[in-house]
Structures are given as structure tokens and as C-alpha cells.
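Accompanying notes for the structure given below.
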Amino acid sequence: MALRGFCSADGSDPLWDWNVTWYTSNPDFTKCFQNTVLVWVPCFYLWACFPFYFLYLSRHDRGYIQMTLLNKTKTALGFLLWIVCWADLFYSFWERSRGIFLAPVFLVSPTLLGITMLLATFLIQLERRKGVQSSGIMLTFWLVALLCALAILRSKIMTALKEDVQVDLFRDMTFYVYFSLVLIQLVLSCFSDRSPLFSETIHDPNPCPESSASFLSRITFWWITGLIVRGYRQPLEGSDLWSLNKEDTSEQVVPVLVKNWKKECAKTRKQPVKVVYSSKDPAQPKDSSKVDANEEVEALIVKSPQKEWNPSLFKVLYKTFGPYFLMSFFFKAIHDLMMFSGPEILKLLINFVNDTKAPDWQGYFYTALLFVAACLQTLVLHQYFHICFVSGMRIKTAVIGAVYRKALVITNAARKSSTVGEIVNLMSVDAQRFMDLATYINMIWSAPLQVILALYLLWRNLGPPILAGVAVMVLMVPVNAVMAMKTKTYQVAHMKSKDNRIKLMNEILNGIKVLKLYAWELAFKDKVLAIRQEELKVLKKSAYLAAVGTFTWVCTPFLVALCTFAVYVTIDKNNVLDAQKAFVSLALFNILRFPLNILPMVISSIVQASVSLKRLRIFLSHEELEPDSIERRPVKDGGDTNSITVRNATFTWARSDPPTLNGITFSIPEGALVAVVGQVGCGKSSLLSALLAEMDKVEGHVALKGSVAYVPQQAWIQNDSLQENILFGCQLEEPYYRSVIQACALLPDLEILPSGDRTEIGEKGVNLSGGQKQRVSLARAVYCNADIYLFDDPLSAVDAHVGKHIFENVIGPKGMLKNKTRILVTHSMSYLPQVDVIIVMSGGKISEMGSYQELLARDGAFAEFLRTYASAEQEQDPEDNGVTGVSGPGKEAKQMENGMLVTDSAGKQLQRQLSSSSSYSGDVSRQHNSTAELQKDGAKKEETWKLMEADKAQTGQVKLSVYWDYMKAIGLFISFLSIFLFICNHVAALASNYWLSLWTDDPIVNGTQEHTKVRLSVYGALGISQGIAVFGYSMAVSIGGILASRCLHVDLLHSILRSPMSFFERTPSGNLVNRFSKELDTVDSMIPEVIKMFMGSLFNVIGACIVILLATPIAAIIIPPLGLIYFFVQRFYVASSRQLKRLESVSRSPVYSHFNETLLGVSVIRAFEEQERFIHQSDLKVDENQKAYYPSIVANRWLAVRLECVGNCIVLFAALFAVISRHSLSAGLVGLSVSYSLQVTTYLNWLVRMSSEMETNIVAVERLKEYSETEKEAPWQIQETAPPSNWPQVGRVEFRNYCLRYREDLDFVLRHINVTINGGEKVGIVGRTGAGKSSLTLGLFRINESAEGEIIIDGINIARIGLHDLRFKITIIPQDPVLFSGSLRMNLDPFSQYSDEEVWTSLELAHLKGFVSALPDKLDHECAEGGENLSVGQRQLVCLARALLRKTKILVLDEATAAVDLETDDLIQSTIRTQFEDCTVLTIAHRLNTIMDYTRVIVLDKGEIQEYGAPSDLLQQRGLFYNMARDAGLV
């Protein structure tokens, strides 16, 4: 050899000698090999890594690490190693100078090693300067150097022990020093250095230890052990969780996706970049078909007419996350190659057992090789998984962030096509699909690679017969393809049904109070169940398909093996199936099983993700609002004195619709107060929306000068403290804040709220009255100190005296905003004389414009309307003249001059009380208000008072009762049948493999085996029986899962609908939506699959242990201890894993709640230009959720590494005992034992993963059961006490000593109410805010049950009858008109009790017949979500039509005509008088004018009746009622 002269002077030392290294009982390497290869390998490794590592470090500077003792020691040791290496070199030169001839290797190797040690020392310092705390490159270098040195050390020790060998003392001593220093360097490299200077983790109160963990800690996931130990000792809480790594936060991830999406959109459309997330330009070109886009969202699967216009979201995701994700390719490729080391070593091991002359050390060497290969495979595999899961987490974060940002800027038309339910599904289900895909997508190339490698090795082992197996696999490809296509179809249908169900559930939860008041729960329950039935039909088809899929996937590897063995033994009698061929092939078939099984799952996952990808792309491509359509000028712009200029502008809500506003032209000077008036639906609110750029400008010019504040018609309140709602992101300036509170009449409210302005308002302002919500909304606008104020009827929901106070102190000529430009949409005529300009709207156009006096002098439509209406009212109600004390036209004129129109018609001035407590939800606050007033000493104002309950995480182990509940939901027969079929399957599998081992041990006679046909037939029969059992259990589990899912959903839905209102008032809707979306999806899709995999893994592990014990009984010594370690590690892990899953579920709800809240208030957020703040809040909530998710995925890896090490130990001992017992074992048993042990690692890993998955997913059942077992309201029907069908006939209502409280720990909000209302009487209920007005109504409907006393209606105590029996017989027209998506007819008559004629009659009486008749679909007109395609006034009229249709003896009105114009108001009042003439009418009135002609009035204060009598009598008493009338300007 060429190296002989290089290694020794006489050429006697070869590089390699088989007789020295292999064919010997005492193996060693040659001296030449030791001095060259073992020295050069670490050097070549470091020099090969250096250029790439240097480049990486130069681009990734994490900061500067100060010199530490660790760093100084490593550097010093590096120099010492250099000195030691070159000491050898100088010694060689010294020897040469003495005439001793040395081979060149003694000069080259020390030189190379010395330079390498200098390089290593340089890298140690470079890493320090670049902030690397622990280096994998250097640790690997020292490990390789040590392993190479270890082989040399063994050789030197063995040489030294020989007596007749001469020892080179100096070189031996330097080597021992070198070995010791390398060992110390390796140990030091296992530790991590301190954090770099200026590192962000220094300022983080709870940083993730991963960034400062050592390389060894990172690859073994040791750094999370502390958290797992803490979780084992006590349940983990949110405060225990670490901050996210910076690269995983929304702040880092989302902007990159946003930027790449913009580029892709621009590139695809071949036009300038359209900003998708920053509300600059529309996402689609103006000439694109918006209708097509909407249809696509609805159908989800229709093809785009112009494919070239569709940007590729997949490309964007790949560009954003690809670079990091590509590392997983590297790890996966290494793992796939290493997978085949097991069967190859198994072949060597079987050959070793068969070769009785082979030295024992070879068996131990193979055993060690098998163990090391398995351990390396474990570490590589879980680095791969870690990268995949982190990538998935980042994708989910980015998708949620992108969807949230898009939702802030899409047009109103796009909002209608993408409902809240669909958008929530994009954030929950679809984002989860991307996460799942990240884990599996590499299998697209990895599975075929594994199949090719396995087939290659099988060909080497068995030859051409393997083609029979290939044929079977090829036949299965079209079967899998058909199933994948079918799966996609079912997936699309399933997602559509799920969207519809979530959308409807969202509406039900938002309008639950209305459902309860109308007793409509059953109708809507049936609607949900009908959608759910369709969903379950699709799920059932998917389950059958999955069962067929499982059957083919499990049977395919066996069929491949059977066909291959059958062809092998039949084509040639001399082909003997010995242990090596059978079990190496079987090991390869087992490897083949995974890619063949996983590929259909991957295809399914890709199919699901492609559906989600399309849905997401359609949503992100929606049209956006164009804020640039309105010119925004700074206040300092002195060129124009007008604050608002609109010239010939036309606006529409959707480009496909006709314009809503036509030819609008007006200018408003700075500081002017402008009123906008007109009938319902004439475009008043649309005008404000147009100024806010909420509408699509078709033509014209709009310019605004300065900042804008907006008070919407329906007050939007956040689930936050009252103070935060007012500040709305601004800094607190105490004096100004106090003046705003006072001007908005909130001071009295702060005094009675439990924690003052720190009181948490609750979701949608649940514990504030309508008036309080509107005043908070107003205060928010005032506090922001804008230049232009847009008020959409802000005084509608407040009492007359409060309205007067607000107008005088805030909006009016002398108010806080007197120098600001104000536009006030109003129906109240009383304020018009004080405004500068009045804009009169009619049919989407400005019909008149001018000051109050100018419009009267012009004698146009406006003046005619005022005169006609006033005189008509006077003629209608002459008795009111006596009340007010003045009569005739003179009075009207005088009041007009004074700016107050206070005749009875003025009393019925149109106010919109839309915001007043979402269908009475605000009355909880009235309870708290009066309670606090009665118990002022009880309120602790230091702490924020909270009404809403956060989603709580359960702690501890999931109770067995949860599993039992799930089994009962499946059905006990199906449950036990599934277990039986699982056992049958695995018994058949064990029997077939044992039979194969017996077959391989059959004696060979004349070059062939006897009984081959019998062996083959039995082997085939066992395989077929296994397949039948697989199909059986798969069907049983799938059907059982659907039965359980149906049962749990019905229980949850029924329970939620049966819960009292107090439950909804304290439970955020996000929690409930989460249950019906994510948790139910887990029960639908995840749990059945997890059960199948858990049961399979459990029986596989048991089977493997049985086989190993049968083959090598000595393994009984080691398997129990390993089992204990396994059990301990698993218990250790599950305690933390379970709690992390719960924390993740709990932190997910606020993401949805915040998102829902944002969608409801998106116009306010945009008006105040607070998008960035809300985006930041959303990002923080998503990060908070990922803070719990990230440790859970790392904990999974932590567990898997440790358990696979236990599995690797089983492999080690199975092989070791086989080597020890090789003389007493047959090759067949060794093959069976080791091939099963090779699978144990995978089985153990899957078993623990599936057991933890089972426990973490069963949490979904626990969380569904949690809300299925909440408190319930009284029964809906009680047969024994059901009232007669014609009850109540008279309508007499008696309150006898009636007391009401909202919770046991609170005081009464109604105290000892004793009053009798005779049938047919019209009774008004008045009182200040918090007096208990609405509480009385809630008591009447038994929304809250009485604490003491009773209510008697026509002689029947209402507490003794069913709630529906009561609520069907009483009708309410609520303050807030709530409509549901569906037909108009359904909104009027969900039970279809009435004929079309009766419905049309009710519409006619409600003055809606003309409007509905003009609609294309008439009664089948589809109402949008929340009735958004009807004006607020029209929605209120629909509520009136409901009441007219029901025509019950008792009618409750809560300012029912607040949102209609004066003319319609008059018509409605007369309808109520005529149609409900013989009915008992109770009216809660903020405005006393509406009840002046009533029979009697109840005056409430602090929950007690203070006055009761006819209005005229109460005025004469000059008490509370008189004072209220005086404040309202009635006396």
C-alpha cells in the first residue's frame, strides 16, 4: 500500500489488516491506522465545518459574552492541547537530529492536529464574541476526537501490558495528557456559558431556558425537565409558563407573512402592490367579479373563473417558513437512512448466531452497534419532529394574525359573505390543519424514499419474488387515490356544515336573551341539530371510508409479505425460507408498513389543508375598504375653513348593489353643530359611515380636516373596566378625565358601581344598562379630543333629563365640544333649534339643508312635517292639554322658539335605544347598581369588580368518570366489542409471526423444506383473520365515535339552552364558541383516531414483550425494571402534559372572544384609528396561547427521547441475551425476538404519545361535560301544573310581597313589591337608572326567579308552571331588536304556527307590508347575520310584527318605538292602542311622554314602589314623578 512507507520506515506497518482487526479474538487497529485515520478524522471534520460555521456566525451575532471561568478554561485547554501536539512534533525533530529515522506520519499528524487545536481555540473565542452560549459543532468535534483517542488508548494499554514490547515513553505520556485534556474539553462543552450582554432574555422576567441551554441539553430536551418536575409536584399555572422565544412570537412571524403575501398579490395581479393588511388599497382589482368571490366563499369549492388572478398562499407560506423548515429535510433524510441499519445489523446478528465459530466479541459489537444506531436515530428523529412542530406553531400564529388583520380592513359586503362563524373557523380549525400538515408534509418524499430503500434491500435479500409484493402495492395506489378524492369531498362538505353550525351557534349565544323571552329555544335547537345531522352524515361516510382505509393499510404490508414469500418458495423448490431471509424481510416489511400507512394520512392531511388553504386564500383576497377615497387633511391646513367637504358624492355598501346615497353635496365649517334628520332607512347612518370610509365611494369628492371620533348607534363596549373603555388607548389625565365623566353624566353611575370606574363592564357591556353603555361610548369619543365628532343618535338610550344634561354639557352650543365640528343624527326634534345646520335626508339624498329658522321659513317638507304632526297629535289626544297646562298652536310656536318641542308628539320624538342592553342583558347591572347603592359599605373600590368568569383549567388527573361517560356515550356494547376485536387482531398477528419462526426452523432436506404449502396456507389464513379483525374494530370505533359525538353535542346544546341567563352573563361567548368549535372538533375527529392508535400501540407493546420473554426468558430480569422506568417517566410527563393542554385550551378562548369583540366594534376601531393597538392585543393573546402550546410540544419530545431510550435498552438486552444464549437458541427465535424488539421503540413511543394524546384530547370531553352539568333554569313544561290553553283570559297581574335578587350573596334589587294590575290596563314603569324597572320585567318572565313573594297572573302562580308555558303567553317588544340569519318568516314565526295570511296581517299592522311586498323573495327574504341587511328601525318593526302575530293578553314594551321616525312612531302607537286595546300593557319608559295617557304609572326607586297611580294624580302630588316630568320639560 502507498501508506506503508508513510507510516513506517521499513513499510511493515499496513493501514488495514483483517487478521488484526476482525478475524481474531482480541481485535485491534494497526499502528498506521491509529496514527493516520484516528488522528485525521476529527481534524478533517472541524476543517470541513469551519467555512460554513464561520459564515453562519458572521451573519448571526447574538451579542457579546464576557470572559467567564468556563471560557477561560476552554481557551487555556485549547492552547495546552496545541502545545502537547507540537511537543510531539518537536520531539520528532529532536529524534531526527539524533539520527533516528522516523516515518513522515510522525511529523504530519502532530502538525495537523496542532493546527486543528489552534483552530478549535480560535472558534471558542469567536463563539464567545458572537454570543454562542453552547456549540454543537465543538461538542461533536471533542466527542469524535475522544472516541478516536479511546481506540488508541485501548491499544496503548494492551501494548503496555505485553512484557516483550518496547514502549515509546514520551509519546505515550503526551498522548495520555492529550486524552485527558480532550476529555475535559468534552465535559466543559456540555455546559452552557452565560447570556450575552444586552440580550433580551436578561430583561425578560421569565425567559425560556432553551436559548441558554447547552447543546446536549437541547438535543435531549433536558432544559424542560424543570417545568415537568414542577408539573408533577403541583398542577401548573399560567405564571409557571416561560415567555416565547422571540423568533416564535407574533411580532416576528406575522409581519414576514404579511410582506410576502403583498408581494405575491402584486406579482400575480401584475400591478402595484395592494396592501392587504394595512387598510390602504383594495385586495382585488376594481373590475374583478366580487359576486364570484362571494359565491366561492359560500360554496368553498367552486373554481375561480380567472386562475391567473389567484395568488398562491402555499408559495407565501413556503417563502416565509421554508428556510427554517428545510432543516427538517436534512434530519429526515438522515433518519430514513439510519432506519435501515436495524435490519442490516439483524442480518449480521442472525449470521453470527448461525456461525458457531465466530468470536463472541462480534456478537457484542453488533449489539452495541444496534444500540448506538437506535439512539442516534432517536436523537435525529426528534430534532426533525421539533422543527416540524415549531414550524407548524409559527404557521398557526401567522395565519391567525393575518386573518385578524384582514378582518379589520375588509368591506362590509365581504363581511356578509364571510360570517363570524367562518372567520372563527379559519382561526381555529383551518389554522390547526396547517399545523398538522407541517408535521406530515415531509412524508410526501420521505415515504417513497423509505419504500424504494426497503424494496432495494428486499431485492438483495429475496431477489425477483419481491416484484409480487410491489404489484400488490401498485394495486393499492388507485384504491388510496379514490379514497383521497372521496375524503376531500367529505372534508369540504364537513367544513361547510361546521361553518353554518358555528355561525348559527354564534347568533344563538349573542341573542340568547331574546330566545328565552320568546321561548324559542326549541325551534333554534332543532335548526342546530338539523345542521349537525348533515355534519354527522358526512362524518359517518368519512368513518366508513376510514375503516376501509385502515383495513387496506394494515393488510397491505402483510399481503406484500405473503405474496413475496409465496412466490419465493413456489418458483423454486431450492428456495429455502431461512431465519435470515424471513426475519430481515419481516423487519423491512415492518419498516414498509409505516410509509404505506402514513401516506394516506398525509394525503388526507394535504387534502384537508388544501381545502383550508383555498378558504384562507379567498378570505385574504376579499375586497378592502379604501380609506384613501376620502381626503384627510391636517388641522393646520389653513387653505380651507370647512371641516367637512362633500361634493357630488355617491356611495354604495357593495359595488354590485345600487347606490345607497346619491349626489350628496354639502360643506360644514369648523366648529359647526349639524343635525341629520329623516325617516327610517333614508340614509342618515349611512351618511356617517360614508364619512368614515366604511362605504364604497362610486364618485365624487370627500375631504375631512383633522381627526375623527365616532359614537355608533349601537354602543360598542369592550370586556374591560369602565375606565379603559373611556380611555380607549389614551393616557389618563385625571382632571380632564373627571370633567368628561361629569359632562357625560356618569358620576352618579360610578358611585353605585361596585368598584367605580374600575368595574369590569363584561362582554358586550353585559352589566350596564342601555343608557350607561351609550354614555360610556359617548365619553370615549369626548375623551379622545378629536377635531370632528360623528354622533349616531347617542341620546336615544338615556332618560330625558340625562339627554338634556349631555346635550347642554357635551354636544350643544355651550358643551365641552362647542369648538369642535359635530354631526348629530337624531330623531329628537327638541334639539334642532340649537343646531347651526339641519340636513334633511330622504331616500338616500339630501332633500333640504339649512338652519332651523331657515327651514321653517322655507315652508318646505320639513316645516310641513313639523306642523302637521304636531297638530294631528293635539287633535288625537286633547286630554293631554290638561296635563301640560297649555294648549293650542300658540304653545307649539312658543316652544319651537325656545328650542323645545314638547307636545305629546314631541314626547314621542324618535329615539334609538338600540344599545340599551342587548335584549335586556344590561339589567344585571341595574341589579348591581341598586345593590351597591343599598350596600355602599360592601363595595371594595380598590379592586376591579369582575362579572365575567375566565375560562378555568381543571387540575389533576382526568377523572375515570370522564372516560366512563365517553364509553357510555359510545355504547357499552360497541366499546367492549372494539376491545375484543383489537385482541383478536393482535393475537392473529402474534400467531402469524410465531408460525413464521417455526417455518424458518423447519429442517432442510435435500436442499428444500417440507410442509411448505401447509406453512404458507396457515400463514395466509392468520393474516386474513387479522385483516377481518382490523376492519371490525375500525368500523366499531368509528361508529362509536360518531354516536358519542352526537350524544355529547346534544347534551351540551340542550344544557346550554337550558342554562339561566346568569350563566351567559358571566360566561364569555368565546368560551362557549370554543366548546362548539375546537373541543367538539376534537371529539368528532381526533378522539376516535387516538383510541385506535392507543389500543393498537398497547397491544403491540404487550405482544412484543411476550415474544421477547418466550424467546429469551432471561429477559424477565430486565423487562420489569424497564417497565417501571417507562411507567415512572410516563406518569411524570402526563401530569404536566395534561395541565399544559388545559392551559392551552383555556388561553385559546380569549383569542376568540377578543376576535368576536373586534368584529362587533370594527367600525369604531377604524374610526378612532386604533387598529394597531387591537392588532397588538390580539398578538399578545395568541402568544399567550402559544406559551402553553410550545412547552407541550417540547414535553412530547422530552418524553419520546427518554422512552425511546428505554425501548433502545430493550433492543440492547434482547440482542445481548440472544448473543449470550446463542448456543441454545434457534436462529428463527433470535430473528423473531430481535425483530420485535426493534419495533418496541416505535410501539413504546406511540403508546406513551397516544396515552398522553388520549388524556389531553379527552380533556375536550371533560370541557364539554363541564358545561353540560351547569345549573339549569326551571323546567320548560310541567304537565301537572300546565295552565289552560286559553290562559290568561283577563291579563290581571298581581305582585304579592315580591322580592328579587340576582345572586344569593347579593341584596334585593326589588323589595316587597305589592301591586295589582287589572286586565286591559296600560301601566307605565318609570324610575332612575338602577331603580329596578327592567328587573320587574325580568321577574315577570322568570328570567330571574323570585327570592320572596309571588306573581299571580289570572289566579295562577307563575312560579308553579313551566317557563315556556309562561313565556309563550306573554309578549315583549325588546329595547334592542334582535334578528337571526334565516328567512323573514322564520324570524317572525320560527315554529310555523301561523298561516301566511296571519303573517301578512301582522306585517301590515306593523307598517312593514309595503317594504316586504317590494322584496323579490317576500316572506322568504333572507335576513343577514344579526339582521344587518335591514335598518335598525325596520328590525324594530319586525319585533313589533312578532308581538302582533302572537297577540297575547299581556304585552311588555321597552321603548319599543325608539328607532323609528316620528310618523311611523305615531302609527305604531295607534296600532298598539287599537290592536292591544283589551290587553294588559306594561311599558318601561325612559321618556315620560309616551305614558302620559296610560291608566296608571308605577314609580320605582331603589327597588321599591315609591308612587303608584294615574299620571295626572301623581303630577298633582308633586313627588318623584312630578320631578321627573319637570326634568323632561313636561310641566
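The backbone N, Cα and C atoms fix where each Cβ goes, and this holds for glycine too.
Residues or ranges marked as topological domain 'Extracellular' in Swiss-Prot (evidence: similarity to another entry): 1-33 (among others).
Summarising the annotation, Swiss-Prot assigns N-linked glycosylation site to N19 (among others) and lists sequence analysis as the type of evidence. Under the DSSP three-state reduction, N19 (N-linked glycosylation site) is assigned to helix. Within 10 Å of the C-beta of N19 (N-linked glycosylation site) there are 8 other C-beta atoms, taking all protein chains into account.
A Cβ distance under 8 Å defines the sequence-distant neighbours of the topological domain 'Cytoplasmic' (55-74), meaning residues of its chain 6+ beyond its ends; these are 124, 126-133, 185, 188-189, 191, 193-199. According to Swiss-Prot, the feature topological domain 'Cytoplasmic' maps to 55-74 (among others).
Positions annotated as topological domain 'Extracellular' by Swiss-Prot, on the basis of similarity to another entry: 96-100 (among others).
According to Swiss-Prot, the feature topological domain 'Extracellular' maps to 155-172 (among others).
Per Swiss-Prot, the feature topological domain 'Cytoplasmic' maps to 194-316 (among others).
Residues or ranges marked as topological domain 'Cytoplasmic' in Swiss-Prot (evidence: similarity to another entry): 385-440 (among others).
For the topological domain 'Cytoplasmic' (486-547), the model's average pLDDT works out to 87. According to Swiss-Prot, the topological domain 'Cytoplasmic' annotation covers 486-547 (among others).
The N6-succinyllysine annotation in Swiss-Prot covers K503 and is backed by similarity to another entry. DSSP assigns K503 (N6-succinyllysine) to a helical segment in the three-state reduction.
Marked as topological domain 'Extracellular' by Swiss-Prot on the basis of similarity to another entry: 569-590 (among others). Across the topological domain 'Extracellular' (569-590), the DSSP tally of helix, strand and coil residues reads 15 helix, 0 strand, 7 coil.
Taken from Swiss-Prot, the feature topological domain 'Cytoplasmic' covers 612-967 (among others).
According to Swiss-Prot, the domain 'ABC transporter 1' annotation covers 644-868, on the basis of sequence analysis.
The DSSP secondary structure for V680 (ATP 1 binding site) is coil. Feature annotation from Swiss-Prot assigns ATP 1 binding site to G678, Q679, V680, G681, C682, G683, K684, S685; the stated evidence is sequence analysis.
Residues annotated as region 'Disordered' in Swiss-Prot: 871-893 (among others).
Marked as region 'Disordered' by Swiss-Prot: 917-938 (among others).
Swiss-Prot lists 975-1256 with the feature domain 'ABC transmembrane type-1 2', giving sequence analysis as the kind of evidence.
Separating the Cα atoms of G1327 (ATP 2 binding site) and V680 (ATP 1 binding site) is a whole-number distance of 29 Å. For the topological domain 'Extracellular' (569-590), same-chain residues at least 6 beyond its ends with a Cβ under 8 Å from one of its own Cβ atoms are 340, 342-344, 346-347, 350-351, 354, 454, 457-458, 461-462, 465, 557-558, 560-561, 993, 996-997, 999-1001, 1004, 1007-1009, 1012, 1016, 1226-1228, 1230-1232, 1234-1235, 1238-1239. DSSP assigns G1332 (ATP 2 binding site) to coil, not to a helix or a strand. Secondary structure counts, DSSP: the topological domain 'Cytoplasmic' (486-547) has 59 helix, 0 strand, 3 coil. Following the DSSP three-state reduction, the secondary structure of G1327 (ATP 2 binding site) is strand. According to DSSP, the secondary structure content of the topological domain 'Extracellular' (96-100) in residues is 2 helix, 0 strand, 3 coil.
Spacing of A1331 (ATP 2 binding site) relative to V680 (ATP 1 binding site) is 31 Å (Cα to Cα, whole number).
DSSP states for the topological domain 'Extracellular' (989-1025), grouped as helix (H, G, I), strand (E, B) and coil, give 26 helix, 4 strand, 7 coil.
The local packing around G1327 (ATP 2 binding site), expressed as other Cβ atoms within 10 Å of its Cβ over all shown chains, amounts to 29. Around R1328 (ATP 2 binding site), the same-chain residues at least 6 positions away in sequence with a Cβ under 8 Å from its Cβ are D799, D1501. Taking the Cα atom of each, N19 (N-linked glycosylation site) and K503 (N6-succinyllysine) are about 78 angstrom apart. Across the structure, G1332 (ATP 2 binding site) and S685 (ATP 1 binding site) are spaced 32 Å apart at their Cα atoms.
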